[in-house]
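Below: one structure, written as structure tokens.
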């Protein structure tokens with residue numbers, strides 16, 4: 001069962017679902033909550049790496065990721081981040097989300113942005129029960145023109161689905177929870193698999 005707008009508000013009122021800062025009622029729709037783009041980004045820097053061997057030794061994978069990813073870029077609210085056609089960047093939501101053990105979240109991009117070529121997530125649309133932290137967005141410009149993105153703009157929507165029971169292995173209690181509590185545009189940690 002997907003939570004409707006009044007249930008989303010009730011779950012937040014009862015502190016079962018935590019979204020900080022709490023969205024105003026205007027951003028809580030029939031079955032979703034509109035979320036905002038945060039102020040932290042990472043991009044692929046200019047490099048001469050021919051490929052990243054994801055099946056290679058972990059140290060080599062770590063070194064390759066560190067070589068190709070920029071340090072975190074933090075914008076002010078007046079700054080604009082330009083994403084050019086064919087470019088991928090990591091960004092973060094403004095909101096920090098905490099899900100209880102019996103609720104899963106789903107991230108969807110906005111249709112208005114998709115119609116301009118902006119993909120908000122490549123494959124990572126599921127937010128596991130027990131999640132705590134900001135959500136990293138894998139944003140890609142599939143359009144023909146550069147797109148200017150600003151912190152605080154509407155970027156995506158979250159919906160919430162009730163599980164048949166509480167998860168016995170919620171995200172924040174798993175040893176493999178390598179992105180739990182993230183607050184910035186965290187680069188891939190595939191080397192920790």
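Backbone N, Cα and C define each Cβ position, glycine as well.
According to Swiss-Prot, the protein carries these features:
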type	residues	note
ACT_SITE	138	active site, proton donor/acceptor
BINDING	110, 111, 112, 113, 114, 115, 128, 136, 137, 138, 171, 178, 182	dCTP binding site
Self-check item: Those residues of the chain, 6+ apart, with a Cβ under 8 Å from that of residue 138 (active site, proton donor/acceptor)
Solution: 88, 90, 119, 120, 121, 122, 123, 124
Exercise. Output the one of 114, 137 that, of all these binding-site residues, has the highest number of other Cβ atoms within 10 Å of its Cβ.
Key: 137
Quiz prompt | Number of other Cβ atoms within 10 Å of the Cβ of residue 128 (dCTP binding site) across all protein chains | solution = 19
Self-check item: Secondary structure of residue 128 (dCTP binding site) (DSSP, helix/strand/coil)
Solution: coil
